[in-house]
Each structure stands twice: as structure tokens, then as C-alpha cells.
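Just below is one structure, and these are the notes that go with it.
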Amino acid sequence: MAQVLTQFDTIAAISTPIGEGGISIVRLSGEDAVAIANKLFKGADLTKVPTHTIHYGHIVDPKTKEVVDETMVSVLRAPKTFTREDMVEINCHGGMIVTNDILQLLLANGARMADPGEFTKRAFMNGRIDLTQAESVMDIVRAKTDKSRQVAMTQLAGGLLDKIKTMRQELLDTMAHEEVNIDYPEYDMDDLTSQEMKKKAQEVSKQIEQLLQTAQEGKIIRNGLATAIVGRPNVGKSSLLNYLTQDDKAIVTDIAGTTRDTLEEYVSVKGVPLKLIDTAGIHHTEDKVEKIGVERSKKAIKEADLVLLLLDASQDLTAEDKRLLDLTANKKRIIILNKQDLGTKISQEMIKDITDNPIIVTSILKQKNMDALENAIEKLFFSGIENSQNQILVTNQRQAGLLTKAKQSLEDVISGIDDAMPLDLVQIDLKNAWDTLGEITGESAPDELITQLFSQFCLGK
């Protein structure tokens, strides 16, 4: 359970991406953060400046007296900081050498190198955020679309936390009521309190079910929709990838078989991230390199959430086209009849006789009817998703798994009462549900889970 801890040492890390840029930020957090930074800083005395102020000066090696860089240094004092500890942020010029030199000086003067995610972990351990909010910090960093960011911001603001806390309080109130009955059986309130317990278990179970119904939507918004672009060679797959990405990542030529591997790219369709995979054409080949590409394409199709299957509308349906139609028959897919400007030998009616999947007729190179493709994707997966950034969504497998576990405990409460089990035994399942919900927010999460979760963060976060 999150609690305020004061015995942490002082940590330091580079918080910005390593490389050349306008500025880099080196971050400190801990009881000695200001004192350590002050050893290196020539300008104002950082130990005497007000909190939440920024100061111009130079970082100087205290041993050699060499000026390392010209900097702006922010001083942020506990408890109104991200970690609820004293923090210092050194804004230096954005270069690998100068940034690392400043970090090494901080480490040589009393700071410790931060573990991945340790700043956010301290924010959690000091009670500033819960685990769902900590996860949302990582989601904001990794957001691939505006919608991903908006959903993560809702989580960071405490949307899911508030919902979980409300459900836990309802269960806690019920448990307290039942404890009175168990401890004072002479009042003979079994029938009344058991029915109240059942009703509350049903109510909270329904709330959990409503959250679980958002899990698929939340997963897609957070992780993206794995989308395989499939078709025989030279049918327009790379042209579709280039149109959607507005980029030349995939090589487009008139020679069949030029995409010899799977190429991945993220794009935003109606605000939802699609992880596009441009696959090699699936066809018989003796070329060893192409064979590898074909096998990877089959694997990509198997793992895809959505298949965009391209057919050349200007040519008759080939044996390879038919194989691809069979290979993707059990996938969610959209059929794209491309090159319709060159003539129509494959019509919508012909494909409708084979499948009831959505069909888009287009010329990708001439960008005809491409908005229909985005609309078809939205309709297939995301109907009603437009306002989801304001919804409370379950966005990862950990949350969904724990909600499912809590719901099962509540179902056990209901069945136990129906079977007239003793209240003290039913109470165990009720407490299990309460504890499991607490794991979601971190209030009753084991240390191993907390350590594993924060290890997924980047350094400096």
C-alpha cells in the first residue's frame, strides 16, 4: 500500500532522449537533491532560493574548476513536486557529451543513478499517484495518437482510481456490517444482512462488468490495432501503406516481389492507432529471401487484428487471390478492389458472393474513395468511440485480469449466499474481491508486482 517514505537516497538521471537537441534535462530527486546540485552550480545559492524557481548559471566541476555548461536550474521543494521529494532539474545544452558529463558529476557528488521508472515509483510510494495513474504516465509517453493521449490523461486525472475507490468503499461498508453480525450473533440478522451482502455484490459486479466491456476498446487505443496489408505481388500494398503514412517507407516499383519483408508503421485512423504491416506478396517462389518474407507474411496475418486484403479489380481473380481469400476468411477484414480506374473485371457483386466483409472500390494511386476505407475501419471496430477520451477505460491486461478476478469473487459471494453458506465463509470471498480491487490501484499490490511494473519505464521517468 502506498505510504509516505522519507528514507530514500537521492537519485539522478537524464530525463530527455539521448542525442543532439536544443536542450537536455538532468533530474534529481531526494533529500539531498538541492545540496548536491548546489555543489556544481555557480550562480545563485540553490539552498537559499524559494521553491519552484529557475536560475541561470554554470555547472562547474568542483575538482578541476572547469566550466562544463551554461544552464538553467529549477529548484522544486517537497511536498509539491512530482515525487513529493525535493527535486532539481538541470536544463543544459542538448548534446550527449555535455549531458552525460553533468550526470557523472552529480553521481560523483552524492547522487545515485536512478533505476528505470524510479521517479514515478517514488511518486507512487509517497502517495502522490496510484498504480493506474503510474501506468497512465507511461501511456502518455508512449501515446501514438491524440486519442491515446486523451485517454491516458483521463486515467492520470484519477478516472479509474475514483471508480475503484468507490467500489472498494461499498464493499468495505458491507464487510463492516457483516462483521457486526458475525461478532454479535445474538441479534439474529442473518437473513437481512445476507441479502444486503448479495445485493451489494451484484451491484459491484455489474459495475465491474461495465468496466470490462471497455477493455477491448482501451487495449486498441493504447496498443494500436495490428493491421496486415495483404495481397498478391504488385497489387498495390505498398501504395496503400504510403498513402496512409504519407511516407515512402515501403519501396514502390513495378517489379513484383520488391517487398521482401514485413514493414511496420503506425498511423492514426479516426484517432485510433493502427500498426500497419505491409506484407510480402504470398506466392510460390524459389527465392530464399522471398520465401522468408512469405512465411513472415503468413505469421503477420495470423497475429493481425484486421486484414486489409487488396485485389486488382482490373484483372480476373487469380488462384493466388482465391488462396488469400481462404487464408484470411476467419479474420476481421476489409476487401479493397484496387486499380478500378484501369477497368473492372472484379466487381463488388462477385466478391459479395464469396464474403459479407466490407468492400471498398478504389484507385489508391489516384486517391479515389479512400475516406470510405477509414469509415469502414471505424465502423468495423470503433462504433461510438468518438467520445471515448472522456470515458473511463480499462487500458491494459493487468487491470482487466484483476477486474475479472474480483468479479469472480463476487460471483462466489452470490452463489454462497444462495447455497446458505455461513456468513463468515462468504465474507472471505467478499474480502478477496476488495483486496483484488486494491491491487489495481496498488493499495494491496505485492511488492514484486510494483517492482515489475516500474521496471518497464524508461530511465529518468
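Cβ from N, Cα, C; glycine included.
Over in Swiss-Prot, the protein carries these features:
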type	residues	note
BINDING	Arg27, Glu89, Arg128, Lys461	(6S)-5-formyl-5,6,7,8-tetrahydrofolate binding site
DOMAIN	224-382	domain 'TrmE-type G'
BINDING	234-239, 253-259, 278-281	GTP binding site
BINDING	Asn234, Thr253, Ile255, Thr258	K(+) binding site
BINDING	Ser238, Thr259	Mg(2+) binding site
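Structure with Swiss-Prot features highlighted.
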| residue | record | DSSP (3 states) |
| --- | --- | --- |
| Arg27 | (6S)-5-formyl-5,6,7,8-tetrahydrofolate binding site | strand |
| Glu89 | (6S)-5-formyl-5,6,7,8-tetrahydrofolate binding site | strand |
| Arg128 | (6S)-5-formyl-5,6,7,8-tetrahydrofolate binding site | coil |
| Asn234 | GTP binding site | coil |
| Lys461 | (6S)-5-formyl-5,6,7,8-tetrahydrofolate binding site | coil |
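The predicted model assigns the domain 'TrmE-type G' (224-382) a mean pLDDT of 78.
The (6S)-5-formyl-5,6,7,8-tetrahydrofolate-binding residues named in the record, Arg27, Glu89, Arg128, Lys461, extend over a maximum Cα to Cα distance of 19 Å. Lys461 ((6S)-5-formyl-5,6,7,8-tetrahydrofolate binding site) is 45 Å away from Asn234 (GTP binding site) when you measure Cα to Cα. A straight line from the CA of Arg128 ((6S)-5-formyl-5,6,7,8-tetrahydrofolate binding site) to the CA of Ser238 (Mg(2+) binding site) spans 47 Å. Put simply, Lys461 is the one of the binding-site residues Arg27, Glu89, Lys461 whose Cα lies nearest to the Cα of Lys237 (GTP binding site).
Each residue contributes its Cα atom, and for Arg27 ((6S)-5-formyl-5,6,7,8-tetrahydrofolate binding site) and Ser238 (Mg(2+) binding site) those atoms are 43 Å apart.
Around the Cβ of Glu89 ((6S)-5-formyl-5,6,7,8-tetrahydrofolate binding site), the same chain contributes Ser15, Ile25, Val26, Arg27, Leu28, Val73, Ser74, Leu76, each under 8 angstroms and 6 or more positions distant in sequence. In this structure, the CA atom of Ser238 (Mg(2+) binding site) is 37 Å away from the CA atom of Lys461 ((6S)-5-formyl-5,6,7,8-tetrahydrofolate binding site).
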